[in-house]
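As given in TrEMBL:
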type	residues	note
BINDING	Gly106, Trp107, Thr108, Gly109, Thr110, Gly111, Lys112, Asn113	ATP binding site
DOMAIN	304-361	domain 'Torsin-1A C-terminal'
SIGNAL	1-19	signal peptide
Amino acid sequence: MRPFFLLGFLLSNITATAAIEPISTSIAVGMAAALTGFLATYQNVFYYFHECCRPEWISFNRTGLEVALDRKLFGQHVASRVIQKAVTGFMNNKNPKKPLVLSLHGWTGTGKNFVSQLIAENLYKEGMASSFIHQFVSTAHFPHLSQIENYKSQLQQWVKGNVTNCPRSMFIFDEMDKMHPGLIDCIKPYLDYYENLDGVSYRQAIFIFLSEEEKDRWIQLKVAICNFYGRTDQIHIEINAGGEHITQVALNFWKEGRDREEIQLQDLEPALSLSVFNNKKSGLWHTSLIDKNLVDFFVPFLPLEYRHVLLCGMAEMSAKGLEPDQDVVDQMARDLVYFPKSEKIFSGKGCKTIGGKLDYYT
């Protein structure tokens, strides 16, 4: 029952009972006045029970995001720093010139989807379950190349309709590495520096693109390892994806005995954005989003080391309500695949399969 209908119903009953119940009528009039005052302050009391595009449901928790990135995201000091600064700066800007656009790159299991979840949890009261978060998976939502023109039209309508409904919407595009090239360009106008388009402003929205180097991951890793050991003559493959560059930088730091935490965004981002732009097998191939500098940050996720897998294992045990056991986690971690195999530098699947693995070892 809507509040205003309730008020009308109450007032009508006051009129009907005024002649025979003066005391009850006085009480009812008082209740109606109180209810009217309440509704004057809160236009709809049901805003508190049903998610809506209001501060009660959408409010950025800067400290929450910072703590979550620091305590839950392992081995990603570059990504953590960029995400924290980018999201905080954007949310604190009362008049942004364009939406926030982040492009996340790295191997499977390094934390890209997890970071999207952390942002959601510290922006929307309902977290990833919020009706203002819209997630697209390329292989599920845009599977057929023959339907690309229909997909473009639908995608434009989805973005426009949802931002019209709530300017503070968030869009997550997963599997950008599997998206048909040219498709994502259809939303370029919504990411640009326009005050509004057809009366709709997109400046408060957030767009996150997730690219995984899984298809060519083993080839990229083999190239990086051969380069690392100076055996480049054994391989003759042209690689254009960004994952190989991220891996190569991490390996070079390890080879030189330098601390992994010394790696900076500038060591990775320029080559990463160029390689993504030139990757013909990516949805970002020659996209106007990159050509027109509409992507605010290309965020690199480093391959995880053995020590990071241990941290993931301990955290997963806690999440399952188990007492963290170093011996159990170490046994599980030692049975995973690492490269180079003798040194066990990088985990082939990051932390992605740890939840299932622990069920076997506990």
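The backbone N, Cα and C atoms fix where each Cβ goes, glycine too.
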Surrounding CB atoms that lie within 10 Å of the CB of Gly106 (ATP binding site), all protein chains: 26
Any further residue of that chain within 8 Å (Cβ to the Cβ centroid of Gly106, Trp107, Thr108, Gly109, Thr110, Gly111, Lys112, Asn113) of the recorded ATP site: Phe114, Glu212, Phe301, Gly350, Lys352
Within the domain 'Torsin-1A C-terminal' (304-361), residues counted as helix, strand or coil by DSSP: 31 helix, 5 strand, 22 coil
Same-chain residues at least 6 apart in sequence whose Cβ lies under 8 Å from Thr110 (ATP binding site): Gly75, Gln76, Phe301, Leu302, Pro303, Leu304, Gly350, Cys351
Candidate with the highest Cβ count within 10 Å, taken from the binding-site residues Gly109, Gly111: Gly111
Nonlocal residues around Lys112 (ATP binding site), in sequence order (Cβ under 8 Å, 6 or more apart): Leu104, His105, Gly106, Leu210, Glu212, Phe301
